[in-house]
Number of protein chains: 2
Amino acid sequence: MATELHVGVAGLGTVGASLVGLLDKKANALAARCGRPLRTVAVCARDRTRDRGLDLSGCEWFDDPCALAVSPSIDVFVELIGGDEGAAHDSVRAALEAGKHVVTANKALLARHGVELAAIAEKNGVSLNFEAAVAGGIPIVKTMREALAGNDVARVYGIMNGTCNYILTRMEQEGLGFAECLADAQRLGYAEADPTFDIEGFDTAHKLAILTSLAFGCEIDMDAIYVEGITSISKADIEAASELGYRIKLLGVALRTDSGIEQRVHPTMVPRASAIARIDGVLNAVAVDGDTVGEVVLVGPGAGGNATASAVIADLADVARGQMRPALGAPVGELTPYRAARMRRHEGGYYIRLSVFDRPGAFAEIARLMAEEEISLESIVQHGRASAAAGEGCSPQPVILITYETTEAAVKRALAAIEAQNLVDGTPQLIRIEKLA
Amino acid sequence: MATELHVGVAGLGTVGASLVGLLDKKANALAARCGRPLRTVAVCARDRTRDRGLDLSGCEWFDDPCALAVSPSIDVFVELIGGDEGAAHDSVRAALEAGKHVVTANKALLARHGVELAAIAEKNGVSLNFEAAVAGGIPIVKTMREALAGNDVARVYGIMNGTCNYILTRMEQEGLGFAECLADAQRLGYAEADPTFDIEGFDTAHKLAILTSLAFGCEIDMDAIYVEGITSISKADIEAASELGYRIKLLGVALRTDSGIEQRVHPTMVPRASAIARIDGVLNAVAVDGDTVGEVVLVGPGAGGNATASAVIADLADVARGQMRPALGAPVGELTPYRAARMRRHEGGYYIRLSVFDRPGAFAEIARLMAEEEISLESIVQHGRASAAAGEGCSPQPVILITYETTEAAVKRALAAIEAQNLVDGTPQLIRIEKLA
C-alpha cells in the first residue's frame, strides 16, 4: 500500500471536529477505498484547551493556520476556518504556494477569491477541492466538474440554504409568520443568532457564484448576482402561492442567455408539481440542465457537521488517489470572463400582490398601466371585499396578479406608475415565477 | 496539451451513434475539460452500410469487436454491444487483457462478470468504468465510488427502470389498466416489443446487483436477488394505494442487516410524501443512506441515447485525466464475499388485497389466521358490499389489509392458511411497504 496521506486541519468547529473524528474512526475503510491510509497529523484552532471529544495527542498543534499550511509534516491542508479574508485566505494561499493540496468548505472565500486560488493551485500542480462549500453533503461539485463533462449547461438552480427552506416550509405547513419561524430556527440551531447572512440570501449567493463558474466555464463574479432574501415573504404570499398551485422557495438560479449569464437569488414561485417544490425543511437540492443528459437533480443534507465532513472526506479521497481536476472544471486560462446578461426576462412571469385602495376605477387604472408596459395577465385573484359597496370608502383590498412572461424592467416601471398614482397602499410585493420541469 | 485519447467504439446503436456524434460535435469543449483531445479513431458494428447520420470516414472500421478491442490504434475501448456473454464479454475481457481502458454501459455483463472483469482491469492497471450501466445519465456510480468514500452505506434503493415507472405512472394518473399502458409504452418506444426483461424486474435487478457491490464493498451476486415484476399490479391496487396514502413503484432495494445483505426488486408501496414517490414517468432516481452524510437522492433520465452517452463521456473524461479507481470501489481482493440476509423483515409491513367470499365468519377467520402468525393489522379497508345482507350469497368482496412490521415468512404462511380454508377467491395480492424518509 502507498504511503500515508498526511492531513492538516485548520478549524475545529462542528465540521472540523466531525472530520478528525471520522478520519480516525473510519481509518481502515478509508485506507481500502483510497488505496492508502489518511491520517490527521496536525491541527490548528483558537482554543487549545477546549474539550472536543477528540484524542488529539497524536497531532501536532499549531496556533497559526499559516504555519500549519506550510508545515513539512502535511500533504494536504484542510481549511475550515471560514471567512473570505484574513486567516482563511492567507493560509489557503500559503498552502497552495507551498505545494500542498487544499480542501476547503469555505464558500465565501471561493466566491471572492476562487479564480485567484485556482490559478495558484494550477501553477503549483496541486488540487483545490471544495465539495463541502456548495450544498454540504450533496456531491454537486464533483457532478458538475466531472460527471457532466459531456454537457453544456443551460441552467443550474437550487435550494442551497437550509435555514431559509426551513422557515418557508414551516410558514407554509403550519400557517405561521416569518418572525415566529425564524425564532424557532434559531432555537433549534438551524439559524445563527445573527441570521442576516442566511435570510438575506448572501449564503445562497456565495454558493451560486461557484456553481455558475462550474456550469458555464466562466470566471466567478459574485457581485453580479441579484440578491433578495426572504424577509418580505408574508403569510398572505404563502397562502396565495398555495391557492395558485405554487410554493415559495429561495432559489439561486444561473442561466445562459443570448446576451450573457444571468445570476439571481430571490424568493421564487415554483410549480407545486416540480421536483424542487417538494424539498422541505433543511434539505438542499440542486438541479442542472445539461444539453446532453437533460435535467439531473441532487437532493440531500446541505449542512451539519457530519454531512459536510462527508464532502471533505470525498475531496481528501480524490487527493489520496491522485485524482486531479482543474479547480473550476477548466484551467483558469480557459475560463471566459463573466459577462452579465443584459436584462432579465422570466419565462414564468411574475406574482404581484397589491393592496389596492377600494375606489371606483382603481383596478381599471392598474390594468391600463400594466397594459401600457405590454404586460399580459394570466390570472387575477381578489377575494371578498371587506368594506363593501363602491364609493363607500377606500380601505385597501389585497389583489394578486400573475403575469405572463415579461421583463423585469417592464414590471418595475408598471409598479412605479401604479405607486405614483396612489392606487395602492404600501409597496407592492413582487415574486418571480420560475418555469421548471 | 497532452496527447489525444484514442477511442474505439463497439456498437453503433442509439447510444453508440449519440456518443460518436457528441465526441465530434463537442471536441473543443471536451479537450478543455479533459486536458487533452478525445477522438473516435475506430468503430465496430454489424451493418457497415447503414446510415447513422455520422461521418465515419476518419474511423477505422472493424467487423469483429475483439479485433477492435486489442487494436494498437486505441487507448480506450467503449463496449455498447450489450448482452452478458458472447461478443460483449469476449471483447471487454480482451481489451482489459491488452491493457486498454474499458468504458461500458452493459449492466447485464457487469452483473454477471463484474468481479472477474474488475480483477483483470486491476491486474493490468487500467480503468473499468460503467457509469452508464446504472440509471443512465444519473451519476450514481461516481457518487457511490467516489463522493461517498467517507460513508458506510446502510441502504441503497431506487427506481431504475423507466418502462415500469412510465406504466405505473400512467396507471395511476389516468386510471388505466396495465395492458393498455404497456401497449402505449411500446408505441412510444419506452418498451421493447418483448418487454419481459423490463416489466419482470430483471433490468432493475442487474442494476441493483452492481449498486449492492458498490454500496457494501461485497462481491456481486445477482442470483441472490429476489425479483418480482409489475405484471400483477391491477387498477384495484393502484386505487387502494392512493386511498391509503401510498404510491406503487418498482423499487430495487439493497440493505445491510445483522445477518447479511438483503437484495430485492419488487413493486413497493412508498409513502406519497416520500421523495421517491414523486418520480414520475420515465425518470429514474436512486437514494443512498450513508452513515456520515445521511440520505442523498439523485434524480434524472435513466435511458435514452444522449443521456446514456453523457455518462459514457464522463467515464472517458476520467480516463483522459488519468483518474483511476478500483472498478467496484475497493480492490477486488478487499471485497467481501456476498452474504445473503437470513430472512426479510420489512419495517413498513405489507399491503394485502384479498377477494373474500362473503360468508358469515369469513373475515373473523382471516383475522384469526393472521393473529396466529403474530401479524398485527394497521388498517383494514372494505368498501360497500355489492351483494348485500349476510348469508345471502358468497360473491367475493375486495378487502385490503395493511400489516405492521412482520416477516415475509409469517405473511406467506398466513396467506397459505387463508387460501387452504377457501376463504378467498384467487391468489391474494401481496405488496411490500417500504419505510422511507
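Glycine is treated like the rest: Cβ placed from N, Cα and C.
DSSP gives A:K207 (active site, proton donor) a helix state. TrEMBL lists A:K207 with the feature active site, proton donor.
The NADP(+) binding site annotation in TrEMBL covers A:A10, A:G11, A:L12, A:G13, A:T14, A:V15, A:G16, A:A17. Listed in sequence order, A:V20, A:V43, A:C44, A:A45, A:R50, A:R52, A:L54, A:L80 are the same-chain residues at least 6 apart in sequence whose CB falls under 8 Å from the CB of A:L12 (NADP(+) binding site). The DSSP secondary structure for A:L12 (NADP(+) binding site) is coil.
According to TrEMBL, the feature NADPH binding site maps to A:K107. DSSP assigns A:K107 (NADPH binding site) to a helix in the three-state reduction. Around A:K107 (NADPH binding site), the C-beta neighbours below 8 angstroms that are at least 6 residues distant in the chain are A:F130, A:A133, A:V134, A:D203, A:H206, A:K207, A:I210.
Within the same chain, the residues at least 6 positions away from A:E192 (L-homoserine binding site) whose Cβ sits under 8 Å from its Cβ are A:T163, A:Q186, A:D198, listed in sequence order. Under the heading L-homoserine binding site, TrEMBL lists A:E192.
Residues annotated as domain 'ACT' in TrEMBL: A:351-432. In this model, the domain 'ACT' (A:351-432) carries an average pLDDT of 86.
Least packed by the Cβ count within 10 Å, out of the binding-site residues A:G11, A:G13, A:G16, is A:G13. Remark: secondary structure over the domain 'ACT' (A:351-432) totals 24 helix, 25 strand, 33 coil, with classes taken from DSSP. Other C-beta atoms found within 10 angstroms of the C-beta of A:A17 (NADP(+) binding site) number 21, with every protein chain shown included.
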